[in-house]
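Copied over from TrEMBL:
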type	residues	note
DOMAIN	174-568	domain 'Amino acid transporter transmembrane'
TRANSMEM	176-196	transmembrane segment
TRANSMEM	202-226	transmembrane segment
TRANSMEM	254-277	transmembrane segment
TRANSMEM	283-304	transmembrane segment
TRANSMEM	316-335	transmembrane segment
TRANSMEM	362-383	transmembrane segment
TRANSMEM	395-418	transmembrane segment
TRANSMEM	438-461	transmembrane segment
TRANSMEM	481-504	transmembrane segment
TRANSMEM	510-531	transmembrane segment
TRANSMEM	543-568	transmembrane segment
Amino acid sequence: MALGWGATRCRARPHWPSKRSYRTRRGSIATPECVFVCQAVDRHLRFRARQRTLAPKPVGVLLIYMAGRSPLGSSPSPRVFHLSTSRQPTSGTAVLEEVNPSLTLTQSVSQPLIEFITMSSQDNISSDYDVNKSAQPWSDKAGEESQVPAILPYDQEIGEMTEEERRGHAKYHRLGWKRLTVVLIVEAIALGSLSIPSSFATLGMVAGVICCVGLGLVAIYTSYVVGQVKIKFPHVATYPDAGQLMFGRVGYELINIMLILTLVFLVGSHCLTGTIAWMNITSSGVCSVVWAVVSAVILFLVALPPSFTETAILGYIDFASIIIAIGITIIGTGVEASKSPGGLSSVNWSAWPAPDTTFAEAFIAVSNIIFAYSFAMCQFSFMDEMHTPKDYVKSIWALGIIEIIIYTVTGALVYAFVGQGVESPALLSAGNLLSKVAFGLALPVIFISGSINGTVVGRLIHGRIYQNSPIRYINTKMGWITWVALLAVITVIAFIIAEVIPIFSDLLSIMSALFISGFSFYFPALMWFILIREGPWHSRKNLPWAIINAITFLIGVITLGAGTYASIEDIIIYHYLVASPASEAKR
């Protein structure tokens, strides 16, 4: 375990050999005592896993001399840490909580533990290392260079690293809060914004604005909770990892399946939108399946870069694309409305839902708005690449405010200009010529936003298959071969989904009801109760937050049940109408 300045977490690696050679690496020098900690913690974790003991339990207190020089140039002082396991021992993570640094060795560590550490350290050092100097700060004088213990490169998450692994690990930790905002925009602001005007047409202007603003604020809060879980448990790299913290292995597998299905469905919905765009732009008689294949190939190619930092570069094009496309749609529909007889006053829009609006129609409209705020499900994956994860708060507030403004303005204006006849996606309502222009400008957002979902699900599956292999970094020949093959399989499945469910709104509402209701609402609420909350829920400090999270949980559960029912009923009605004799007679 290489403890650099400020490091407080290590990952125990099972089955370490009892003897090894050590060497140093610049910026992170460890002592054999540190290596012993990982071994001792590993044994303790495996024992507790067998005993099914899940609650945190102290292991002991350890004095660690930080090797090398401090950032100020002076020799570092010994630091005293209290060693305890995390909430979920099977994750292999131990926490070193720093105690009063002024404590001495005899005040902090019991004599049996001192002897135990010393003996274990001697068993794990190379023959040319002087044990008596292991408890002294290292000097970088030329004469003492040979006394520095040789430590293999070790990372707090992945263990011993080769040079190839070190480069791969560094590649996936370059994301700052600004690029995180861009990546979240790529993932969030795309298909959802195109379905908002049709939701306004169903719900009415008042309910549409309330849902856009209210659900947007709830989404910002739940995303904040997700980020707090990542800060408190840095080893959580994906949403399934958080599920394991809450519900054990069953939670991990369940949320893993939900996340994979959600992301694959998202890629499929972008493939469907791409098909609609190509058919609208070309106005040719080419079969829609051909354009679906073209869209799937583009999604596959854009998803090939595995790092989200690289995806963020395309994010600027993505954001500009959707803003210009929405702007053209708003301007185009406004001009068309002003040219119609009676002008804007003749547009058939209402502040309230139509009297004949069914429950299924209303809830599909709400589900589409929920879908538009579905950025929390990929947040763990994105934050895992951040070099300063605590900065995530800036990103979610920036994204949340941008989304609320775009969705509310787009939904209200397009609905006010078009009225009850607004289509989904909204680009179809801009008129024949402007619709072609808008779809052409929207092509980047359709494929860039769709491809990032393929990248996330690909990284999720690829990382699990090659969890303990350098192949997971996708910087070797085998890594690239497996990555390309996996993306190809994901894209083919997404293509099939796009062809099986060719109803844009229903595809979005099904995903919102079954999956996004959990990732954006009831799972974050449960995270607060299980992982974040400190003290009784009914205490003065926790009671307001408990009420907020209880309401958030109810929103998610209601969306799960009612949304699924509404989506299935709407699909059944659609297929009944298509297959009815009246519809056949019209052909």
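Every residue, even glycine, has its Cβ placed from backbone N, Cα and C.
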- Note on the structure: Given the transmembrane segment (438-461), its same-chain partners at Cβ distance under 8 Å and 6+ residues beyond its ends are 183, 186-187, 189-191, 238, 240, 256, 259-260, 263-264, 266-267, 269-271, 273-274, 276-277, 280-281, 295, 298-300, 302-303, 305-306, 308, 311, 314-315, 317-322, 324-325, 328-329, 332, 378, 381, 427, 430, 483, 486-487, 490-491, 494
- Out of 202-226, 254-277, 543-568, which stretch touches the transmembrane segment (176-196) the most, going by CB pairs under 8 Å? 254-277
- Query: Are the transmembrane segment (510-531) and the transmembrane segment (254-277) close enough that 3 or more Cβ pairs fall under 8 Å, when only pairs 6 or more apart in sequence count?
  - Reply: yes
- Message: I'm a bit unsure how to read this: which one of 202-226, 283-304, 316-335, 481-504, 543-568 has the highest number of Cβ pairs shorter than 8 Å with the transmembrane segment (395-418)?
- Response: 202-226
- Note on the structure: Per the Cβ under 8 Å criterion, with at least 6 residues separating them from its ends, the transmembrane segment (481-504) contacts 195, 264-265, 267-273, 275-276, 289, 292-293, 295-297, 299-300, 303-304, 306, 424-425, 454, 457-458, 461-462, 465-466, 471, 474, 510, 571, 574
- Message: Check for me, if you would, whether the transmembrane segment (202-226) reaches the transmembrane segment (543-568) - at least 3 Cβ pairs under 8 Å, residues 6 or more apart in sequence.
- Response: yes
